[in-house]
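**Student:** So Swiss-Prot says this about it:
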- G69, V70, T71, G72, S73, G74, K75, T76: ATP binding site (BINDING)
- 8-33: compositional bias 'Basic and acidic residues' (COMPBIAS)
- 712-740: compositional bias 'Basic and acidic residues' (COMPBIAS)
- 56-444: domain 'Helicase ATP-binding' (DOMAIN)
- 461-627: domain 'Helicase C-terminal' (DOMAIN)
- 651-686: domain 'UVR' (DOMAIN)
- 1-36: region 'Disordered' (REGION)
- 687-740: region 'Disordered' (REGION)
- 122-145: motif 'Beta-hairpin' (MOTIF)
Amino acid sequence: MTIAIRTTLDEPENHSDFVPHRPSRPEKTEPSKPFRLVSDYEPAGDQPQAISALCKDIQKGERDQVLLGVTGSGKTFTMAKVIEKLQRPSLILAPNKILAAQLYGEFKRFFPENAVEFFVSYYDYYQPEAYVPRTDTYIEKDSAINEAIDRMRHAATRSLLEREDVIIVASVSCLYGIGSVDTYSSMTFRLLKGQLVDQREIIRRLVALQYKRNEVAFGRGSFRVKGDTLEIFPSHYEDMAWRISFFGDEIEEISEFDPLTGVKIAKLDQIKIYANSHYVTPEPTLKAANNAIRRELDNRLREFKAEGKLLEAQRLEERTEFDLEMMAATGACSGIENYSRFLTGRAPGEPPPTLFEYLPDNALLFVDESHQTIPQINGMSRGDYRRKTTLADYGFRLPSCIDNRPLRFEEWNAMRPQTVYVSATPGPWELEQTGGVFVEQIIRPTGLVDPAIEVRPIEEQVDNLIFEAKKTAAAGWRSLVTTLTKRMAEDLTEYMYEAGLKVRYMHSDVETIERIELIRDLRLGVYDVLIGINLLREGLDIPECGLVAVLDADKEGFLRSETSLIQTIGRAARNAEGRVILYGDKITGSMARAMAETERRRIKQIAWNKAHNITPATVKRQVDDIVGHFGVVNSSEAAATIENHDPKVLARSISETEKEMLEAAANLEFEKAAQLRDVLHQLKRQELGLPPEKSSEIQGRSEAGRPGTRKTRSDKAREAKASKRVKQEAGEKLLRSRGH
């Protein structure tokens, strides 16, 4: 196997005749179930005609469709109905993690019997490798991986290879490279009851799949040996593991068990073990990659020396030789992604293998909030390319590092299956693909109409806002406020707090999980006002929102464009009493168009309600624990679910919660342990029969966005490093105390 090397830093453009990779996929081995949507509601309003039109055109083979659906019209329900009606696996593409998490929760409820999976970036913190020539500053890559999300990514790819009834909810990070389908699937292996196999051979294969032997801290992606018993914690499981019992070289029994209690859950006839990393590489490929990397290194060193760049040559040689030694010894190295093209055997400039290569041929793609998602896809590879060329120019990386990149727009466009673009404000590219034709979903099943809009002068806008926010809070509703800058959001939070309001801010410096918690706390009434910039827009489902205030609405630009204003206005459309205030001294073109479109929709919605004798009612939705899948405990709801059960059930719940709390503390997950402690207190209150008024009030979970808690990115980076160091030291101390 000979792998081509890169001799230039030029990025070849793919022409219109570009043909994407279509790797063969293994035969499905797990039984699949028909997609069956579980809901108390039937399609209403514009939903029936939208579902019918979309299904009809998909069956006719139309590659592109646009669903123009206003906020609260049930676009997610429409997508789910289309999937159920067509019985086809689907990928739901969201512009960010928050919306992806929200969609994941909804599809999980809609399809409890099917494989609904989550695929987003697994980085909690990520500082890419970079070099700044002007100041001669090298910035080393630094990151923190979220283990729960990594597990969900493995579960997603495994489901795509094993089942037909799969729905993947992903963010645009799915356009970045992962391991190739053929390598990832070919390195799996089966174990059968009664099979003759040497235990040492299984261990060798597990190590090749990047599983680690760990007799002390048995966790996901590890294995341990106890005499004739081998225990494996698969990469895609959260709280179950496999136990393989041998009699000599024969597999006597395979069972599934709880790794915490050791209790056997089920007996199995066979298991299929997938790799612990999407980037596993077979040994022959590693050797071929090693040879190709050396050839490219020699070629690049000759270029540097010919140009008199001796420092760059020395730097590149030392770094690359060290990486090659690490790969030869362990099969991996720090920054191995920069050699990803060698490991996949692809030619220079070819697209990397991504999640799209895992999709079956009959898959559907729904691009949610397409007006925001499509521009993201279009711009992802450009900034990445400039950073990588600088690293290669100054000898920090080989030229092939630029092949570790996200898909370019034209590559994604060629690879995507039949697509439905979903948005309240579709962009020009989507409408161009459909010739300006779209399916409209304006009428809401609830009869809610778009909110009334009022324009007020900027003079004394903050004091007026405080008055309106207090009035809204007194009525039992929440307020959303959008500003133009992070600094203004933080300063306004402090000012409104001093004015007696319960208020938080949310912007890009707030961690993803914290953002979800902030929205949950807002809905529960922990605080009444949330101030943001660009995050209080697409897809936020807050029926309790009674007021949306847009400060400096007449400052024409990206944050106050027609699309941005329509999306922001839509946040008040789930509440029958919702209203919008735009603060501006003049009405800009964007404001005029946004107000005109909102009024057009209002007229149509009011006419429908009148014709069908519908009285609009605020959406009633329980506050779901979206982040429950990320290992966070929802104390108030968790305790509430045990209410009215008999004493035996309550006692068992107390015992299980106490066990989970102790386990979390042992794993140094102190926040989770504290939350479980709160659940335990509430369960014990119920056991004692204390009345509800004696229970504690709803507590907020998010610590972010409080007045006076401004943090810069460097502050967060320091905190992440300090946290990582503390955990590492605690782990080492624990091992020393156990005599290891």
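Any Cβ shown, glycine's included, is placed from N, Cα and C.
Surface or core, plus neighbours and distances: that's what I need for these features.
**Tutor:** Mapped onto three states, the DSSP output places G74 (ATP binding site) in coil.
Model confidence over the domain 'Helicase C-terminal' (461-627) stands at 89, taken as the mean pLDDT rounded to a whole number.
When DSSP labels each residue, the motif 'Beta-hairpin' (122-145) comes out as 0 helix, 15 strand, 9 coil, counted as helix, strand and coil in that order.
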**Student:** So if I measure Cβ to Cβ from T71 (ATP binding site) and keep only same-chain residues at least 6 apart in sequence, which ones fall under 8 Å?
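**Tutor:** Long-range Cβ contacts: A424, Q567, G570, R571, A573, R574.
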**Student:** For G69 (ATP binding site), just count the other CB atoms lying within 10 A of its CB, please.
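**Tutor:** Neighbour count, Cβ to Cβ under the 10 Å cut-off: 25.
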**Student:** Applying the rule Cβ within 8 Å of the centroid of the Cβ atoms of G69, V70, T71, G72, S73, G74, K75, T76, what extra residues of the same chain belong around the ATP site?
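**Tutor:** Those within range, site residues removed, are T78, A424, Q441, R444.
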**Student:** Of all the binding-site residues given, V70, G72, S73, T76, which has the fewest Cβ neighbours within 10 Å once its own Cβ is left out?
**Tutor:** T76
**Student:** Which residue counts does DSSP give the domain 'UVR' (651-686) for helix, strand and coil?
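**Tutor:** Its residues fall into 33 helix, 0 strand, 3 coil.
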**Student:** Using a Cβ cut-off under 8 Å and a sequence separation of 6 or more, which residues in the same chain sit near G74 (ATP binding site)?
**Tutor:** P43, A44, G45, Q47, Q441, R444, P445
